[in-house]
Structures are given as C-alpha cells and as structure tokens.
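A short worksheet on the structure shown next.
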Amino acid sequence: MKLIASFSIFMLMSIWSFASLGQSNSFDSLFSNEPEFLKVDQAFVFDYVQNGDQLVVTWDIADDYYLYQQQFKAVSKNASLGEPIFPTGKMKEDEFFDEPQEVYYHKVSVTYPILQSQDDSAVKIRYQGCAEAGLCYPPTTQVVYLNAVNASDDLSNTDEASVESSGSVSQQFELADLLTGDQSLIWVLLIFLALGVGLAFTPCVFPMYPILSGIVIGQGKSISTSRAFVLSFVYVQGMALTYSLLGLVVASAGVQFQAALQHPIILGALIVVFALLALVMFGAWEFQLPSSWQEKLNGVSNQQKSGSYLGVLLMGAISGLVASPCTTAPLTGILLYIAQTSDLLLGFSALYALSLGMGIPLILFGITGGKLLPKAGAWMNIIKVTFGFMMLAVALMFVERLVSHMATDILWSLLGLVTFSYFYVMNQASSVTFGKGVRALVIFIGLFASAMYGYQTIFGQTSSVAGHTEQSHPRFEVVKNLDDFEQKLAAANAQGKTVMVDLYADWCVACKEFEKYTFPDTQVVDALSNTVWMQIDLTDNTATNIAFQEHFSILGLPTILFFDLQGKEISGSRVTGFMQASAFAAHAKNIL
C-alpha cells in the first residue's frame with residue numbers, strides 16, 4: 001500500500017518515479033550456501049618452499065574441491081617474480097563463468113621464478129576455489145617471505161612487481177575482491193559510487209527526497225538552479241559524512257548502536273518531528289526562528305546564506321542517521337571488512353563513495369525540483385501539501401516499528417484515502433483538459449487501491465488467519481542467554497534435528513515481515529520440518545543481548561542463523577535482510 005501510494009503521488013507531481021524495488025535476495029548471489037563444508041584452510045591446505053631462485057607454492061586439495069587456475073594471483077613487494085609455471089589442469093564447465101575454466105583437483109604446485117628479492121621480501125598469494133556440491137569460497141590470500149636473490153643483469157631495477165592471471169571473477173565474489181584485491185583506490189571508489197546510485201532507488205533513501213524537497217521549497221519560489229544545486233550538494237555531504245562515520249561505529253558496535261537509534265522514545269520523537277513538518281507544509285502553522293534571531297543571522301551571515309548551509313548540512317547528517325534502516329549487501333560487505341581488518345581508510349573511503357553515489361540522484365532531484373516549482377498560483381499550495389503527505393508517510397515508516405502490522409496497514413490505507421481525496425478535490429477545480437482526465441484515472445486507481453487495502457486488512461484478516469491455521473510455523477523456542485542456547489542446541493542435536501535461530505527486534509521492520517510473510521508459508525514450514533526454531537530478542541541493549549551480538553558477530557537485523565547436527569553454524573548459510581518465502585525455502589533446502 002505504501003509503495004502504491006508513494007508511486008501514485010510521484011506520478012501526479014511528475015517529479016520522479018521509483019524503480020522496481022528488489023528484496024535483499026537481489027544480492028543473494030554474493031553469498032553462497034552449502035549443507036556440508038570445510039573451512040577454506042581445510043579444503044585447500046597451503047604450503048610453500050623457496051628453492052634458490054624459485055618459489056614453489058603447493059595446495060593439498062580435499063576430495064570434491066577444486067581451485068581455479070585463472071584465479072591465482074601473486075603480488076610481491078621488494079621483489080620481482082617471473083611468469084608463473086602452471087601444471088595442466090582439467091577443463092570444467094562452471095555456472096559462475098561464461099566459458100570453461102581450467103581447475104585443479106587433489107593437489108597442485110605452482111612455480112614462480114624469483115628474478116630478484118631481498119631478505120624478508122613479501123609475496124601475497126591469492127587463490128579461489130569451490131566445492132563440487134556448490135559452495136564457492138571468496139578469494140583467499142596467504143603471505144610468504146623470501147630470502148635474497150640477486151637480480152639478473154637484464155632486469156630493470158624495481159621495488160614492486162606483480163604477476164597475475166587474467167580471467168573473470170564470478171559476481172558472487174566481486175565485492176569481496178574489490179576490497180581484498182589489489183585494484184587501485186580510484187577504481188574501488190568508482191565501483192562503490194555506482195553501487196550507491198543503485199541504492200538511491202530503494203526505500204532506504206525514500207525519506208531523503210521529501211526532506212530535501214522541503215529544504216528547496218523553503219528557499220522560496222525564486223530560487224536559482226545554482227542555489228538549488230549548492231543546497232542539494234551540501235545536504236548530500238552531510239548525509240555522506242554521516243554514513244561514513246556511522247559505518248565505522250557500526251562495525252565496532254554492531255547492533256547495539258542500531259538498537260539505540262531505534263529506541264521507542266527516539267522513534268516517538270522522530271514521529272512527532274515529521275508530523276509537525278507535515279503540519280507546516282499543510283499551512284497549519286509557521287515554523288521559523290524568532291525575529292530577533294533572524295535579524296542577527298541576517299546581519300552576520302548575509303541574509304542567512306551561511307546559516308542555511310550549516311542547517312542543510314546538519315539536516316543531511318540527521319537524515320542519514322535516522323532514515324536508513326536497511327542493511328544492504330554492499331554496506332554489510334564494507335562493514336565486515338572494516339571490522340575484520342585495520343584498513344579503516346579504505347573502508348571509510350568506500351563508504352563515502354557509496355553514500356555519495358546515493359546522493360547523486362538526490363542532487364539531480366533537488367535541481368529539477370527547484371526548476372519545477374510553480375512561480376505563483378494555487379499549484380504552489382498543492383505541491384506543499386503533497387510534500388506534507390510525504391512527511392506523514394515518513395512518520396508512518398517509523399510508526400510501523402512500534403505497533404502491530406494491522407494497525408499500520410490501516411493507517412496506510414487511511415493516508416492513501418486522505419491523500420487521493422485531496423487530489424480529487426484539487427483536480428475537480430482545474431479546467432477540463434486531457435491531463436485532467438489522466439489525473440482523474442490515477443486518482444481513482446489510488447482511491448480504489450487504498451480502500452481495498454484497508455478492507456483486506458480489516459475484513460480479510462480472519463479468513464487469512466484461518467487459512468493458515470494448518471500451515472502455522474512451529475512455535476519459536478525463546479533463548480534467554482548463551483548458556484540456554486547451548487543447552488537447547490545440544491538438545492535439538494540429540495533429537496537428530498538441525499536448528500534455525502532468528503535474531504530479531506521489535507524495531508526491526510524486516511523482522512516483522514519475516515514473521516508475517518515468510519515463516520508461515522507452507523514451503524518454509526516443509527523445508528524446516530526437521531529443524532528446531534529458536535528466537536533471540538535483541539530489542540534492548542542488555543548485557544545478555546550484547547553478548548549474543550559479539551558471540552555471533554551480528555552487524556544488523558534481521559539475521560537468521562542455521563546450525564547442523566554437530567551444533568556448528570553452517571558456512572555461508574546466514575540470511576541478512578528480508579527474504580521472500582520461496583527464496584527462503586529454497587535456501588533452507590540447500591543448506592540443511
């Protein structure tokens with residue numbers, strides 16, 4: 001309902017339209033799932049030896065596992081290596097590549113000629129392999145150290161050289177490869193800038209648009225394009241800096257920080273703020289600084305220009321802090337990298353580029369919005385009221401984290417009815433044109449959809465519940481603490497059952513979507529028929545919950561874990577972010 005209402009409003013205003021919204025499973029290819037597994041250092045046992053001017057690197061490969069020849073890469077510092085000497089492998093058709101790949105089974109040795117090296121010269125060896133059953137590992141790096149080897153006469157003096165194999169990398173490993181590989185910083189930033197542009201068309205960034213629009217509108221009808229650009233750019237800088245700094249905090253604090261921001265008191269304050277902003281847009285009251293303050297700012301800041309920039313920067317920072325509840329795959333990948341390494345500079349830079357990419361459409365929207373603002377007449381009021389409804393929609397996004405699904409669904413229905421009713425009245429007052437007919441059609445569709453959504457919520461609830469009685473998922477076993485979890489896990493394994501652990505919080509919208517749409521589905525219930533369902537409530541920042549987060553290395557919610565019959569978490573099985581029932585059922589069948 002909320003997406004339909006928002007989309008219809010945007011069509012009426014002809015400002016922008018949202019791209020199709022994918023669920024977290026659009027990034028599912030970044031994470032592999034495999035029921036039986038070995039750790040990467042067990043699947044591919046690494047060893048090396050230096051024989052004079054040759055470095056021989058060897059891998060003992062477990063049965064039913066293999067390494068890709070084209071994924072071997074060596075980067076040396078204070079040394080120079082020649083072209084690697086590979087043995088002949090086997091050609092394999094692999095779903096992750098467009099053409100057959102040469103792979104190695106059981107054991108492989110690769111020889112690197114050492115053209116020149118110093119004592120303790122370092123060489124980073126990177127490799128990547130898969131299991132026949134379907135699990136593929138991210139690229140893995142080992143560091144080896146060399147003894148001194150004198151350079152040949154025809155060798156040019158160089159401090160650093162690299163020998164690498166060419167070949168495509170499957171999409172599953174692209175993000176990990178960007179951060180762990182040796183691409184230039186500029187290339188990494190460009191990639192994440194592009195990812196950010198894609199994220200700009202998701203619900204995470206939706207609240208930014210009405211906020212930025214309100215800032216542009218607040219500058220008056222005579223705002224210039226350059227002024228609109230500067231305001232939009234400053235706003236985006238505030239947002240980008242917030243995401244970058246927040247990312248570093250989240251990487252170290254995990255869900256604790258996210259939970260603090262989602263405390264009911266803070267959410268309630270945000271709801272009030274956006275509701276008041278909506279009233280301002282409706283013209284119910286004026287929001288401005290006291291006249292004495294305005295006079296001082298006018299005198300010091302040349303009619304508030306500097307003050308406005310600072311205010312816009314702060315608004316962008318606050319917006320980035322409170323209006324992005326989603327945990328996306330690119331953001332999660334960067335945060336995991338920061339948390340597991342000491343390379344904060346690269347992590348911060350990648351986060352900033354990602355955030356800046358998210359801001360590019362915002363800047364374009366701010367400029368376009370400034371141009372499209374009516375110079376005079378009744379349409380100015382219609383635009384302001386429209387953004388008022390958008391402010392209410394943002395407030396509702398926070399409300400749904402505090403109340404039941406049924407209550408929020410009814411509120412969405414009412415908001416849609418009120419919004420489209422207002423547009424109906426305004427459209428009736430306009431002159432008869434082709435555009436009026438088109439607007440009327442969109443308005444009636446919006447009214448009908450809003451009414452049906454509310455009807456289905458109120459009167460369809462009973463039949464919906466009744467229809468799912470026999471398909472209700474097993475009752476979750478509530479886990480109190482880590483000791484309780486270990487006991488319940490052991491008890492489940494003793495019964496020959498695997499375990500699924502749902503980590504959720506009351507403020508987590510996607511957690512509620514799992515509960516409403518995914519868990520009750522027949523496919524999911526059948527796929528987890530021999531699995532004990534456990535649940536950990538991370539709503540509050542208690543010492544017990546912090547221990548859970550640290551023990552399981554939780555970055556965001558929802559997170560769902562799977563444990564095998566030996567009580568170990570299944571490699572690559574974690575689900576982060578909402579997943580639809582069919583995809584979740586397939587995921588469960590693949591790993592259990």
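Heads up, the Cβ atoms here are built off N, Cα and C, so glycines get one too.
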State the disulphide partner of Cys508 as given in Swiss-Prot, choosing from Cys326, Cys511.
Cys511
Hey, what's the Cβ neighbour count for Cys130 (disulfide bond) at 10 Å?
25
Among 229-249, 265-285, 406-426, which stretch has the highest count of C-beta pairs below 8 Å with the transmembrane segment (345-365)?
229-249
Leading contact stretch, 229-249, 265-285, 379-399, 440-460 vs the transmembrane segment (406-426) - CB distance under 8 Å:
440-460
Do the transmembrane segment (265-285) and the transmembrane segment (379-399) share at least 3 Cβ pairs closer than 8 Å, excluding pairs fewer than 6 residues apart in sequence?
yes
Cys508 (disulfide bond) to Cys130 (disulfide bond) - Cα separation in whole Å:
35
Count up the helix, strand and coil residues in the domain 'Thioredoxin' (443-592) according to DSSP, in that order.
77 helix, 24 strand, 49 coil
For the domain 'Thioredoxin' (443-592), provide the mean pLDDT of the predicted model.
83
My understanding is the cutoff is Cβ-Cβ under 8 Å with a sequence separation of 6 or more in the same chain; which residues meet that for Cys511 (disulfide bond)?
Asp502, Tyr504, Ala505, Leu557, Pro558
